[in-house]
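Copied from Swiss-Prot, the annotated features are:
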BINDING   Thr12, Gly13, Ser14, Ile15, Gly38, Asn126, Glu128, Gly206  NADPH binding site
BINDING   Lys127, Ser152, Glu153, Ser177, His200, Ser213, Asn218, Lys219, Glu222  1-deoxy-D-xylulose 5-phosphate binding site
BINDING   Asp151, Glu153, Glu222  Mn(2+) binding site
Amino acid sequence: MSARTVVLLGSTGSIGTQALDVVAAAPGRFQVVGLAAGGSDLELLARQAVAHDVPVVAVAAGEQDDVAAAIRAAGGRRTEVLTGPGAAADLAGRGADVVLNGITGSVGLAPTLAALEAGSTLALANKESLVAGAALVRAAQQRADQIVPVDSEHSAIAQALRSGARSEVARLVLTASGGPFRGWSREQMAGVTPEQALAHPTWAMGPVVTTNSATLMNKGLELIEAHVLFDVPVADITVVVHPQSVVHSMVEFVDGSTIAQASPPDMRLPIALGLAWPDRVPGAASPCRWDAATSWTFEPVDDAAFPALDLAREAVKASPLHPAVLNAANEEAVAAFLDGRLPFLDVVGTVARVLGEYPDPPDGALSLEGVQAAEAWARARSRALVADGPSRER
């Protein structure tokens, strides 16, 4: 069996570095033919390119000469360098067997579309692609199994769905750790600092995703993602809090059966599945242990304390562009919180204001340019609300 060629977008981030761990642990199974990164850590990108003998690298923010110099300093030689805002999409469109999109944020949409249009299997960790551009992604998708989710929750659902026909599915159940503030009241969360929000109890992730987990906006985005990926109405998608993060999600079938996927929290497992789907990679991650007493608990989400899930449901019902507005406004609000310019509770409060003010999109707006225009409006409005200063709790 020949090695599966892989392009990895977001190689210096959390998903990217773990994906390269998976590749290194399965010699001969995968061949990395392209790496893309934002450009904040050129030394790491260069080391990755040299270690995996990668012929092409793409950098969103950086000069070709600087990237080439970093690769030479790491011991590399003939590496093609792409730079600029469109570099990742250029690389994604070159037709590798698999493109793993581990980019954070809505900038991942264009590379997602490029990979799909090129016919590559898309191992998708960039949930914003589906949140912001669901209709565009569906239009670009060439076959039913072309998108393989890398989020642990959606990977779990994809695995559980193997147990029955789609017509037999009654409900999807997404699990949430509850984040660092599970059980807290809104009053208790009023003074939360970025340091507190970034102290996730079970997962090691980047600052934006970790903050989204603290507000539960991450779960709201995942709810939209599940709705798009599996074509299940949002009314039939339930979110439950599972603090142990061992059961990653479940599928309830019409006969009353519930099929769950369980494993210790380790992103290497869904990453390996994304790269090898529909096959499994032996030893990708450690299994559950059954030689010691343990317990798994589940509890409902406190929607009053964490309104992000309701916002996500409202966005889906409002229009195809409202989810893009939700996501863009949230990215701006999270950045302001991490910079110390916005209180924790006002992150979701700001998103609620922006979402409520967004007008009905004009006819014909459902294009990449239309999505980008909606995002630009949402970012500008979110920044303006942050600059205003007073509390915007919902």
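The backbone N, Cα and C atoms fix where each Cβ goes, glycine too.
The full span of the recorded 1-deoxy-D-xylulose 5-phosphate binding residues, Lys127, Ser152, Glu153, Ser177, His200, Ser213, Asn218, Lys219, Glu222, taken as their largest Cα to Cα distance, is 19 Å. DSSP classifies Lys127 (1-deoxy-D-xylulose 5-phosphate binding site) as helix under the three-state reduction. Among the binding-site residues listed here, namely Lys127, Asp151, Glu153, Asn218, Glu222, Asp151 has its C-alpha nearest to that of Ile15 (NADPH binding site). Every protein chain considered, the tally of other Cβ atoms within 10 Å of the Cβ of Glu222 (1-deoxy-D-xylulose 5-phosphate binding site) stands at 29. Within the same chain, residues at least 6 positions away in sequence whose Cβ sits under 8 Å from that of Glu128 (NADPH binding site) are Thr104, Gly105, Ser106, Gly108, Leu109, Leu221, Asn327. A separation of roughly 8 Å, to the nearest angstrom, links the Cα atoms of Lys127 (1-deoxy-D-xylulose 5-phosphate binding site) and Asp151 (Mn(2+) binding site). In terms of Cα spacing, the binding-site residues Thr12, Gly13, Ser14, Gly38, Gly206 all stay beyond 10 Å of Glu222 (1-deoxy-D-xylulose 5-phosphate binding site). In terms of Cα distance, the binding-site residues that sit within 10 Å of Asn126 (NADPH binding site) are Asp151, chosen from Asp151, Glu153, His200, Asn218. In this structure, the binding-site residues under consideration are Thr12, Ser14, Asn126, Asn218, and the one with the smallest number of other Cβ atoms within 10 Å of its Cβ is Ser14. Of all Cβ atoms in the shown protein chains, 26 besides its own fall within 10 Å of the Cβ of Glu153 (1-deoxy-D-xylulose 5-phosphate binding site). Cα-Cα distances to Gly13 (NADPH binding site) place none of the binding-site residues Asp151, Glu153, His200, Asn218 within 10 Å.
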